[in-house]
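*Asks:* Here it is, the structure in full.
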RNA sequence: UGCCGGAUCGUCUAAGGGUAGGACGACAGAUUUUGGUUCUGUUUGUGAGGGUUCGAAUCCUUCUCCGGCAACCA
């Protein structure tokens with residue numbers, strides 16, 4: 001009777017009949033033509049240099065979802081070719097985030113697993129006369145590159161012999177040269193219209209400790225020389241990445257072709273953009289480092305960790321990824337869709353509880369209710385789920401309500417309490433406001449009301465019909481709690497469309513911490529538990545919560561058509 | 001000015017010569033002991049011009065607009 005059901009993670013229901021996105025179309029064509037022997041093998045390739053965000057979640061759902069759908073496999077591969085920026089700390093958080101989203105990988109691989117193989121590939125290209133060691137400085141190489149409209153110039157070191165290149169490259173590997181002294185470049189075409197073909201760098205010297213290979217290497221492959229080959233080594237059939245890699249694809253294909261290895265196919269899709277936030281690692285890092293948020297898992301952040309702490313569920317993120325679709329045009333998704341997804345799930349799964357979220361709630365004294373009497377009223381845990389049952393909540397002569405639920409001079413169509421008006425206290429009785437008590441400053445400090453004894457919920461014989469029902473908490477039984485109310489991080493929909501630094505659009509009111517008085521059953525709540533505060537929104541227990549002090553995060557508000565009407569007026 | 005992409009309701013996303021459909025949002029109504037939920041209904045779109053065709057969002061053509069590409073980052 002007094003149990004509050006736990007939230008459980010419901011899997012996304014069987015997908016409704018839906019048309020195929022362009023990646024699925026490609027896969028189905030490949031399957032139909034027998035390409036790759038009917039195999040589908042994808043990979044999710046994060047660089048372990050930061051935390052995952054909801055944009056990565058889109059990619060994770062695409063890659064793992066595709067494999068699930070077509071009976072394939074997905075590898076988790078860390079693209080760890082730059083030891084200077086990467087760290088094991090990120091590896092662990094990334095794995096935790098992928099698992100939290102509900103996916104399990106076939107293999108856990110690292111680009112660094114292939115360093116020996118990649119090195120052999122590089123020697124092979126040297127042997128074929130397709131790569132050379134260049135002594136130019138970074139600046140010189142940049143200058144040689146030309147511009148998008150002007151061809152580049154060939155490096156003076158471009159015509160070294162195969163033997164000399166081999167010798168130099170081996171000595172680079174052996175650590176004979178300092179950082180930046182030399183690079184290995186592919187010998188392609190300095191006049192190519194695609195900038196990436198203008199003798200791209202394959203290897204650079206970095207005397208740096210690698211999180212996995214330690215000090216074994218002092219030369220590290222560049223992205224372009226590692227990614228396609230890694231895909232190929234793993235026999236990845238469909239290598240999905242975002243649009244900015246589109247111009248890399250010819251080079252991806254070129255290396256595979258010259259090396260004569262398994263031809264993985266790169267397919268690009270548009271990355272996710274969300275309104276009122278930023279998604280780039282660099283900008284998120286700035287928010288953290290400059291203290292605009294409390295950390296990577298700040299509930300205002302679009303990181304997986306932040307969203308999780310905010311109270312979102314894995315299923316709601318998967319549902320969101322499903323709804324936004326996959327295409328190649330640039331997009332800016334309304335964050336309202338994400339909110340819709342979480343509301344839809346939480347509506348079905350969370351217990352409704354009473355919480356008066358107000359620094360200074362209004363005390364309501366029921367003058368005709370016996371002093372000292374406590375009624376246990378029965379409240380439905382979740383009207384959407386009859387199996388969730390009921391629990392009892394103490395009711396007494398004095399209750400708190402929110403100040404917003406009373407107006408001395410109410411506008412038309414205000415259904416809450418007002419002088420002489422009636423309202424139902426959810427799950428309890430109908431009350432009538434008889435007297436408004438104010439202090440010397442004219443501030444309302446108390447409402448003196450009468451209750452209708454025959455109107456008790458479930459056995460109402462009063463015949464009275466009231467328009468409004470409000471939530472309440474018995475003063476004597478109320479548990480004080482901290483509630484963190486979050487709003488959008490930025491004040492503008494699309495910071496990229498605005499002049500100036502995105503930080504000038506940070507919403508100063510994105511976090512509001514308020515006191516609340518909650519029903520006593522919540523004392524037993526544990527970190528991560530989710531609830532609907534009746535008429536307010538969905539909330540979850542934050543990890544900062546302790547036995548002495550409950551801390552709630554507001555995941556999302558309930559839809560509020562009254563507030564919307566007010567705004568219009 | 002070079003190369004590579006892209007352009008369909010307000011926002012996403014389908015339809016690839018044959019009725020422009022779905023989701024979210026918005027609006028209106030019904031139900032409701034949450035101004036929640038649920039249900040019903042409505043609204044709005046093929047960037048522009050020309051061409052092919054009985055028929056074009058789809059094919060051809062000219063143009064416009066938007067994004068990406070010049071890290072020893074990924």
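Positions of Cβ are set from backbone N, Cα and C atoms, glycine also.
The domain 'Glutamyl/glutaminyl-tRNA synthetase class Ib catalytic' annotation in TrEMBL covers A:40-347. If you look up TrEMBL, you'll see A:46-56 marked as motif ''HIGH' region'. Annotation source TrEMBL lists region 'Disordered' at A:141-160. Residues or ranges marked as compositional bias 'Basic and acidic residues' in TrEMBL: A:151-160. Residues annotated as motif ''KMSKS' region' in TrEMBL: A:278-282. Taken from TrEMBL, the feature domain 'Glutamyl/glutaminyl-tRNA synthetase class Ib anti-codon binding' covers A:351-451.
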*Asks:* Within the same chain, where does the motif ''KMSKS' region' (A:278-282) have neighbours whose Cβ lies under 8 angstroms from its own Cβ atoms, ignoring anything closer than 6 residues to its ends? I mean 6 or more beyond.
*Replies:* 49-50, 53-55, 271-272, 302, 489-490, 495, 502
*Asks:* What does the DSSP secondary structure composition of the motif ''HIGH' region' (A:46-56) look like, as residue counts for helix, strand and coil?
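*Replies:* Computed counts for the motif ''HIGH' region' (A:46-56) are 3 helix, 1 strand, 7 coil.
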*Asks:* Suppose you look only at the domain 'Glutamyl/glutaminyl-tRNA synthetase class Ib anti-codon binding' (A:351-451); what would the mean pLDDT be?
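*Replies:* Across the domain 'Glutamyl/glutaminyl-tRNA synthetase class Ib anti-codon binding' (A:351-451), the average pLDDT comes out at 97.
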*Asks:* Counting only residues 6+ away from its ends, which parts of the chain sit with a Cβ under 8 Å from the compositional bias 'Basic and acidic residues' (A:151-160)?
*Replies:* 132-136, 140-141, 143-145, 168, 185, 187, 190-191, 198-199
*Asks:* Can you break down the motif ''KMSKS' region' (A:278-282) into helix, strand and coil residue counts using DSSP?
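*Replies:* Result for the motif ''KMSKS' region' (A:278-282), in helix, strand, coil order: 2 helix, 0 strand, 3 coil.
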*Asks:* What are the DSSP helix/strand/coil residue counts across the domain 'Glutamyl/glutaminyl-tRNA synthetase class Ib anti-codon binding' (A:351-451)?
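*Replies:* Secondary-structure composition of the domain 'Glutamyl/glutaminyl-tRNA synthetase class Ib anti-codon binding' (A:351-451): 6 helix, 50 strand, 45 coil.
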*Asks:* Can you count helix, strand and coil residues in the compositional bias 'Basic and acidic residues' (A:151-160) using DSSP?
*Replies:* 0 helix, 0 strand, 10 coil
